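A.B. asks: Here you go, one structure.
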Amino acid sequence: TRSLTITSTDQSMFEKAQGEKVTLPCTFELSEEDEGPLDIEWVLIPADNQKREQIIIMYAVDRIYNHYYAAMTGRMQFTNLDPKSGDGSLDILNLKAADTGTYQCKVKKAPGVQSKKIQLTVLVKPARTKCSIEGSQEIGKDVTLKCVSQEGSPLLSYDWRRVSGTQNLPATSMLNKNTGELLLKNASREYSGTYNCVASNRVGTDECSVELNVTPPVNTAGIITGAIIGTVLGLSVLCSIIFCFCKKHREKKYEKEVHHDIREDVPPPKSRSSTARSYIGSNRSSLGSMSPSNMEGYTKTPYSQVPSEDFERAPAQTPAFAPSKVAAPNLSRMGAVPVMIPAQSKDGSIV
C-alpha cells in the first residue's frame, strides 16, 4: 500500500553562524490512501536522553501553533504559509548558539506516518580578536606576537602575515596556529613592521594588527646610575628638611620655656616713693573724714610712724619743701575741720 513519503532527504546536517537564518527542509507527498487529518510537527530532541522531546511548532486542522517553545518565540515559522501543499519546512531566524541540536520533522496523515531528523550546529564567528606583543623589542631578543579571539566556536585557527615591507615572515619565526602565537627569535631591525593576524573557523573570520619596532638595547648602566644619584639627592633633601624642622622645633620649644619662666617669677616690688605717697594719701583721706572731736587724737600721732625707707633719698636728690603759705579758710563756715600738712625741713626731717 502506498502512503505519504518525505522527499527532502538530500541534507541532514547544517552548520550556520550565529545571527544567520537557516531553513530545515521537510517536503512530502501524500497518497490517495491517506485520508485522515494532516498533522505536521517539528520536535527538538535533547542531547540528554533523560529529557523529553520538545514540540516547537505544529500544524493541525488547518491551523499553526507556535507557542510551545518560548526560546524560539518570534524566531521560527513554516517556510510555506500553507504546509498542506506538501512543504512543511521550518525557518529559524537570528540563530543562537543555544539553538544547536537535533530537529525532527513528523508528518502524519492516517494511515501514513513519516519523520526525518536534521542536525543543526550553530557556530559563533571569531570576534573581538586582539593582538599584542610579549617580550622586549630589542635587537637580539626573542619577541612573541600573540593573537586571541574573545568569541568564536572551536576549532579556531590563527594565521599571521606581514603587511609592511616584505610580506614573508622572518626566517627565524615559529607559528602556532592553534594558540595564535608567533615567536620571532633573535630579532633584528629588519623584523620591524606591521603584522596582521587572521582568526578563523568554519563560519567566519576576524582580524587584528600590531606594530613591531625593534630598537637597539637600552643603556641600562646609565639608567641605574641615574636612578642611584637621584635617590641619593632625594635622601639628602629629605634629611635637610628633617634637620631644619627639628631645629625650628627646638627653638620654638626653648622660647616657650623662657617665656613660661618669666611669667612665673615673683612680680617686682613697688618703688619706695609710691609706697610713701600711698601712705600719705591714705592719711589725708582719713583726715578729711574726721570730725573735730577725733582730730585732737590724730594730731598727737607721731609722724615717725611713716616708713622711713620710703623717704630715704640721697641729699642731693631730696627736694626742699617750701612752707605752706596758703591761708586757712574759715572752717566753721565750710563745715570742715582743719588738716595739718606735713612739711620737710632742710635736714630732711618731717615737721
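A Cβ is built for glycine as well, from the same backbone N, Cα and C atoms used for every other residue.
TrEMBL labels come from automatic prediction, so no person has curated them.
From TrEMBL, here are the annotated features:
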type	residues	note
DOMAIN	18-121	domain 'Ig-like'
DOMAIN	126-215	domain 'Ig-like'
TRANSMEM	223-246	transmembrane segment
REGION	260-301	region 'Disordered'
COMPBIAS	271-301	compositional bias 'Polar residues'
A.B. asks: How does the domain 'Ig-like' (126-215) divide up by DSSP, counting helix, then strand, then coil residues?
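C.D. replies: So the counts come to 3 helix, 51 strand, 36 coil.
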A.B. asks: Tally the residues of the domain 'Ig-like' (18-121) by DSSP class, grouping H, G and I as helix, E and B as strand, and everything else as coil.
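C.D. replies: DSSP composition of the domain 'Ig-like' (18-121): 9 helix, 50 strand, 45 coil.
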A.B. asks: Could you tell me the mean pLDDT over the domain 'Ig-like' (18-121), as a whole number?
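C.D. replies: Value for the domain 'Ig-like' (18-121), mean pLDDT as a whole number: 92.
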